[in-house]
Structures are given as C-alpha cells and as structure tokens.
Amino acid sequence: MLLPLQSGTKQLSCIFEKLLEVTLKLINVSRDQKYLYIQTDEGSRKQSLNWRGVDQLEKKCRSLIGHEIIHTTSGAWDKDVWFQDVTLNKAAQNVVPIGSDSSMSFDGQFSLGKTWASRSVRRIYGPPGTGKTTKLVNIAKAAIEGGIRPEDIGYFAFTNVAADEARDRIANNLDLEPARFANFSTLHSLTTRMGGNEGKSLCQKEHLQRFDSNIGTREEWLRAGDPFSVVVRPEHPVLSQYSIMFNRKQQKPTFEGKSLDDALSILSRYYGLIIDTSRVAEFTEKYFQEYEFFKKSNNLADFNDVIFSVAKASFPAEKIPTFELLIIDEAQDLSALQWDVVTKLSSKAKETIIAGDDDQAIMESFGAAPHLFNEFPTTVPDEVLPVSYRLPRNIKNFVDKHVVPKLGNRSDRKHKEWSENVDAIDDGEVIRSITKKAINPSDKPVPEPLSINKLLRIIEAFKDEEWLIMAPTRATCNQISTGLAALKVPHFCHRQDVLGTDNKIHVQTIHTSKGMGSDNAALVSVSRGDSFLLDKDARLLYVALTRAKKRLFIANR
C-alpha cells in the first residue's frame, strides 16, 4: 500500500532523523574564538559560535556533563563533526530519576525544601601542602559511604577544573557515575542553575564584541596541555572595575594608576574624544549605562548579574538548595557578593564546611573578601591542618623567618601552628645565589645573586625534573618562556604547551599556581611590576615560596 505523499515524506524524514541519532557520553564543554567544542567518549564535536542556537546548546551540554546523551543532527550536518542538539539518554542513567522527586530541581539536580532538626558550620584552615583538598574529598566520600546521596552534596571550588578533579576522585573511588555529582562546580555555575540568569542568555564574547569591538579577550588554559580546557576571558578596564565594585558591594568603581590610564585611553577611542582625568567618572558611568542597556535590549545576563540575582534579598527562598553537606573550598577567595550566596546556602544546609587559608588570600585586588572567611559564624571550633606534606624543614624555616612576620602585620589574620614535612628525604634547599669562580686561585669565591639567565641554564641542565617557575606578572612569565624556547626546552607557559607536552616544566603566574607543588620551584621577579606586586602584598610572596618540595630558587635580576 502506497502512503500519501505528505505522510510518506514525513515518515522518511523521521527515518532520516533516526539515522543521525547517536548515543555518546558527554565529558566536557569548551570554546575558543570560533567554535563551541563538545568532548565525548567518542571524540570531539563542535558548533560555530555564529550559529543561532549555540548559547542554548552550550547551556544544555554543560548541564549534561558526565551523562549518557543522545546527539542529533539533521540535513547536511555531519554527525561526526557537528553538534546540533542533545538530550539526556534516560534509559542509560544509573541514577534515581530526578523528575520523580517533587523536592528536586530537574535542571539543577539539587534538593529543595528540606529542613533539618539541627545544623552545623565549621571552618578548616589549610596551610600550604597540608592536604586541605584531600581532607574535603575524604569528608564527602565518607558522607556518601554513610548514606548521603551524591546529589545532596554541594562541593563548590574556585574553578570548575578543581571541582571536577574532586568529583572524579570520589566517583572513581566509589565506582559511581560522575553525572551524580552535578553539584560539584563553581558558585557561578550553581547560581546559573538556580535561575540567576532570570531566563536571559548568558553574555558571550560575540555579544561583547557586538557592543564594543574594543573589548579584548584572553584565552586561559585551565589544564596543562589540554585545549578542551580553554576558556576565553573578556578584558576591558571599565567593565573590570565595575565587576570589582559589584563583588565588593561598593557604590562606585575606583580608577587609579594603571586602571585610570587604561580607562581614559579606551574611552577616548570608543567615544572619539580626548577625555581627561576630571571627566573619568562621567564617561565610565555613561559607558556602563550603555552596556546595561545593551544587555537589557538583547535579553542578556553576564557573570555578575547571575551572582547578584541570587545574592539579593528578593531572590525566592524556596529556590535555595537544601544540601545535606555543603563544602566551600578556597573560601578565602570569595567576594563579599559571593559570601551573600554562601550565607543563603549555609542557612539551608544540614552541615556546612568552609575551607581555605587567609594567608594565601591573593585575590583581594580582584574583589575577594578574605576577612569574611575568618568572620563567618561557625558552631564548632576551627580546625587547622597541622602538617605540611610538601615543605621540607629548611624551606619552611626560610618562609617563617622572612615572610610570616610580614603576614602578622594584618590585624585580622588567623594565627596557625603547623609543621614541615617530617617524612621528607632531605631538609630542602633555598638557592638565591651562585658562586662565581675567582680570577686568582688565592681569592675566595664570590657569591652573586641568581639571575634569570643563570636560572634558565639550570633548568636546561635539569629539564627532565619537575619545575614550577612563577612570576607575579604574565609579562615576566612570557619572558621566561621565550628564554626556555630559545634553549629548545619544552615547557608549559600559562598551561599552554610550548615545543611539546612531554615535560614537567610549568611557567605561570603566582596567582594561577596556588594549590600546586613541585620538586623544584622558582620565583622570578625582574620588573617594576613584579616588585610592586610582591611589595604590595606579602601573601603573594608567601604563596610563591611555599610551592617547593625540595629546592626553592629565587631570581631577582
């Protein structure tokens, strides 16, 4: 029997669609300047950032990381290259169906409306190398072994990479699907899933460029040598200062020094005028109002909008997740605005753990409020992790003598007693100079300060060893990378591979090195910008000098 033409066409279309349905496991999502990349267990697919549905596609993909998914394409789209649409493969999920529980949010995969007979809040201080993250992972693991569902644990870190690593350690150890750890993320990711974007699309690079082509972008590799970990950060002196203002809960942005010069330059270019210092407040406010109007006209929300929406008093209390266990890692780096969100989450959680180290709070210039970490109300005494598994005796003694007294100048500092790695094979070494051979045999050898050139030669000679070379500024890191490349030494610079990935040499800023440790660690300070940042905040110096497991090199010229 022949089908009517219209019905037959429809049936053939359905069959064609079926042929382009593929079941995959979604692993990660990233983007560069042209494409959205979707990494799966069967390779990577992509979608153009110019495609009209790319924002919605990214949102759906991020919510399904770790899940078995059904990937659908149609027409001439090659299913092995492109992503068009994605849905949850419910038949493959080895979890309790979220939608069957009226107390759960489907999109966010967190419980709502639960109440507790008692609540507890505790603070954990983790000095350098004392195993803070390992302790938090073990606490979460023990909670699951004790009967708490992974979906009822909120574990929030400073980056998605850190949260993913904690998730994977627990999931692998307990043989659980990573998809069940949907609430291991950043606070920004959580607040987006809570509805902080208020139904608006998240502002992306192409939107910013459409508003103002002067808005720059910088690629940041979150994992060494992994192009799928690349995120694109917008850069603009006016928007950056307004972001800091919001995060500090201030009324007006502050422009001074370099931020003032940069703002005047870019605003003069944008408006086609010569703007002097006396009118900076007028034009920065004018520019920001135009930015806000652009977002409103295009139904867009940016990073700050999402956090602010959840932090404000009018956000519905019934939309706040009720976690059985809430863990906030690197809490010293949260902004005042983010602490408002944490306060709301903690008020609904059965057990809250905030963990960090005020001595390593190096994000204050970007809006962090470390004093709020120390002041957060708790119900049990603070815990200080007592032993570093990283620092040997000589390096800890050096830090205690030269840096810790400077940290003590802060009135709100938490005093902490902790010891060096008593199991270290040797006592460690601090290298600030090299011995220069005497011209005459009768003369004594003369020590001279370690220079960047001498350091590069040492790295070249021991390039098979583990190295972490740090500087306060990206410019100095780039200078180090250029020198290593000239010596044909493969390495990672800002986590991007240079001359190959088969090496253990990392060159990056101090700000991106927190949490890392290395057999050989080097601090390089050769510019006025480097010196300014180190003199401005002793915590930056403290973080840099506490990365070394065996040898610490300090080069100042």
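Keep in mind that glycine also has a Cβ here, set from the backbone N, Cα and C atoms.
Heads up, TrEMBL stuff is auto-annotated, nobody curated it.
Features reported for this protein in TrEMBL:
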DOMAIN    105-398  domain 'UvrD-like helicase ATP-binding'
BINDING   G126, P127, P128, G129, T130, G131, K132, T133  ATP binding site
Exercise. For the recorded ATP site formed by G126, P127, P128, G129, T130, G131, K132, T133, which further same-chain residues have Cβ atoms within 8 Å of the site's Cβ center?
Worked result: D357, L385, S388, Y389, R390
For this session: Check each residue in the chain of G129 (ATP binding site) that is at least six apart in sequence and keep those whose C-beta is under 8 Å from its C-beta; list them in sequence order.
Result: S388, Y389, R390, L391, N421, G517, T546
Exercise. Where does the mean pLDDT land for the domain 'UvrD-like helicase ATP-binding' (105-398)?
Worked result: 91
Exercise. When a 10 Å sphere is centred on the Cβ of K132 (ATP binding site), how many other Cβ atoms does it contain?
Worked result: 21
Problem set entry | G126 (ATP binding site) CB neighbourhood, other CB atoms within 10 A | 26
Problem set entry | Cβ-based isolation winner (fewest other Cβ atoms within 10 Å) among the binding-site residues T130, T133 | T133
Exercise. Out of these binding-site residues, P127, P128, G131, which one has the fewest other C-beta atoms within 10 Å of its own C-beta?
Worked result: G131
